[in-house]
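Colleague: OK, TrEMBL features for this one:
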DOMAIN    334-390  domain 'MIR'
DOMAIN    403-459  domain 'MIR'
DOMAIN    464-521  domain 'MIR'
REGION    1-26  region 'Disordered'
TRANSMEM  109-129  transmembrane segment
TRANSMEM  141-161  transmembrane segment
TRANSMEM  189-211  transmembrane segment
TRANSMEM  223-251  transmembrane segment
TRANSMEM  283-304  transmembrane segment
TRANSMEM  596-617  transmembrane segment
TRANSMEM  669-689  transmembrane segment
TRANSMEM  701-720  transmembrane segment
Amino acid sequence: MPPATGGGLAESELRPRRGRCGPQASRAAGRDVAARAAARNPKGLAWGSRRFETASRWALLALVTLLSFATRFHRLDEPPHICWDETHFGKMGSYYINRTFFFDVHPPLGKMLIGLAGYLSGYDGTFLFQKPGDKYEHHSYMGMRGLCAFLGSWLVPFAYLTVLDLSKSLSAALLTAALLTFDTGCLTLSQYILLDPILMFFIMAAMLSMVKYNSCVDRPFSALWWFWLSLTGVSLAGALGVKFVGLFIILQVGLNTIADLWYLFGDLSLSLVTVGKHVTARVLCLIVLPLALYTATFAVHFMVLSKSGPGDGFFSSAFQARLSGNNLHNASIPEHLAYGSEITVKNLQMAIGYLHSHRHLYPEGIGARQQQVTTYLHKDYNNLWIIKKHNTNSDPLDPSFPVEFVRHGDIIRLEHKETSRNLHSHYHEAPLTRKHYQVTGYGINGTGDSNDFWRIEVVNRKFGNRIKVLRSRIRLIHLVTGCVLGSSGKVLPRWGWEQLEVTCTPYLKETLNSLWNVEDHINPKLPNISLNVLQPSFPEILLESHMVMIWGNNGLKPKDNEFTSKPWHWPINYQGLRFSGVNDTDFRVYLLGNPVVWWLNLLSIVLYLLSGSIIAVAMQRGTRVPAEVAGLSQVLLRGGGQVLLGWMLHYFPFFLMGRVLYFHHYFPAMLFSSMLTGILWDTLLRLCAWGLASWPLARGIHMVGILSLLLGTAYSFYLFHPLAYGMVGPLAQDPQSPMAGLRWLDSWEF
């Protein structure tokens, strides 16, 4: 039968490549197909054809790269105000420029790159980034947006090259590039100061590098093989260094590597020494190198952010002692706790903060209507308490009284410095945590009742031992109820200023939530000691920062009136996300995927599962098919299977997450679904052309099909591009709106 239309054998048959499950078959297929091609083509014609094909590949690569950069940089300066999460990541870029320490739930690489881009482009770090809609005015923001647009622009050529290597088909690669170029969602994410384009850049770089070093299977340990293997490791470090979502591409590369090594181990033509070299190379390039680079980003992060800032309270007292400007940095404070001292008490659980109170009362129906006691993550005067004896109101700081140290087992009273109310508990239920008791501030000028008395205990110490500032791990046992002071970590509603709940738990099991240490300590009657000895080592800082990030990630909850979504919404493009503006007078930007692209991707996943299953069963049953069909089937199963695995790994884990989720979390998975669409439709159209080879117009089926998909995608971009580039004027329901008639789902809010 005649070959399918397009590139002839060069495109339809020369498709062997290594997948996750059959490198040996790919090698054999490559030799067989190459031999058939050579036999059927004269030498001169083959050479000319190869030169033409190479030139076509480079020309198309240049075209899709140019188009990608043009669409991403077009109107990059609009709107000249903060859009959506620019308020967070732009502010964090400013922190790097100002060397101010902050806390974020993501690793630091993406924010460091944003800060570096701002610094190199002349931004001085003085813009406050307070809220969406604030105008940038004279501040330079284009460098930070430009970095994100630059990295986002490379997604298209990376996907093009990946699909080209997996399918050996220019038309499949071109279709994939068109889907990503003309997707309004990818375009929108790439034009603002966000982590997403940086993350997706490293994910696609890792995917491309992995596919490339797979294609060098016949040249192991060559310079090109080492280059792509090392670049895979670098890209993995970059992806994980931006967001923990990078773990998904690490998992994909890991599975590919395991399958690769398993095949090599079974290849009896290789000596065990050679297999050992392969294992060592992968350990060095895919484990040691990424870990070294990932750790290096944190080393730079800690070195640059050397000044005290809003993130201090999330970390331990010892961590804070290394930050200049923090009251613990190079500080000298009394070593042992004494009566009359002004202190702050910090919970030892990560990101719980300081014992705190303020003049606001618990609302009606929430336990006793007494003064609120919470934990607060930031330094504040309302964190200060005075430690006093339980049975006297005399001033321990009176010069006529001798210094009396607080000891393990003492009965004490904690008086809030700003309000003069005592730390208090009783049998009323806590605001949020059932079966825990409420903790309040009670009394007038330090005079209360017996519910203000607490026994202070030091973990693993004997009765009578002094209590050391910062180093002693203490528990406060309520004398009347026998409960233990702790924090549940739950966020209080607005009446509690969204601070964290403090309770008194009757469960005496020792947990970090019920352990505290004394941090600040002011007592003019005591000598001071230097705190330099408490500064932690780099491994301790690295471990603590990861514990805090993981805790923070798991604790992310939606705020009032915040747009969130569920994972099942994402593939169907159910609901977008407002980046800027609401009313018809605002400059409105709405994050929404191009519905033609997204629904085509969704259809392609379904079709792939059906067609792939049929082909896999047929091949397993030993069905004899012509060489052309066998080659196309291998493309579909191996190339398509590789990107389908990527889609699954970047999508399904979100169903298991308890944290708040947003629409933009799906975009890494969307990259893989677009690559699957390119491979699937190119392969199906070639199979149709082959099946109808006897029909006079069969040769045109593939070309017409691909061209129709390209034109349809481009036209849909023309219709929906105002969502990405911004629009002012009537809303979609108005006939005069540029989006009139395009609100195909009621859940779209443009």
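Glycine is no exception: its Cβ is also placed from the backbone N, Cα and C atoms.
Fair warning: this is a prediction, and the values are worked out from it, not measured in the lab.
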Colleague: Thinking of Cβ pairs under 8 Å, which stretch from 109-129, 189-211, 283-304, 596-617, 701-720 has the most of them with the transmembrane segment (141-161)?
Modeller: 189-211
Colleague: Quick one: average pLDDT across the domain 'MIR' (334-390), no decimals.
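Modeller: Result for the domain 'MIR' (334-390): average pLDDT 92.
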Colleague: Which numbers of helix, strand and coil residues does DSSP report for the domain 'MIR' (403-459)?
Modeller: 3 helix, 29 strand, 25 coil
Colleague: Do at least three C-beta pairs under 8 angstroms join the transmembrane segment (223-251) to the transmembrane segment (701-720), pairs 6 or more apart in sequence?
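Modeller: The transmembrane segment (701-720) and the transmembrane segment (223-251): touching, no.
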Colleague: Provide the three-state DSSP residue tally for the domain 'MIR' (334-390): helix first, then strand, then coil.
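Modeller: The domain 'MIR' (334-390) comes out at 3 helix, 28 strand, 26 coil.
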Colleague: If you count Cβ pairs under 8 Å, which stretch among 109-129, 189-211, 596-617, 669-689 touches the transmembrane segment (283-304) the most?
Modeller: 109-129
Colleague: In the same chain, which residue numbers or ranges, 6 or more beyond the ends of the transmembrane segment (596-617), come under 8 angstroms Cβ to Cβ?
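Modeller: Here the qualifying positions are 179, 182-183, 185, 571-573, 633, 636-637, 640-641, 644, 647, 670, 673-674, 676-677, 680-681, 684, 709, 712-713, 716.
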Colleague: Across the domain 'MIR' (464-521), what are the DSSP residue counts per state (helix, strand, coil)?
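Modeller: Residue counts in helix, strand and coil order: 6 helix, 27 strand, 25 coil.
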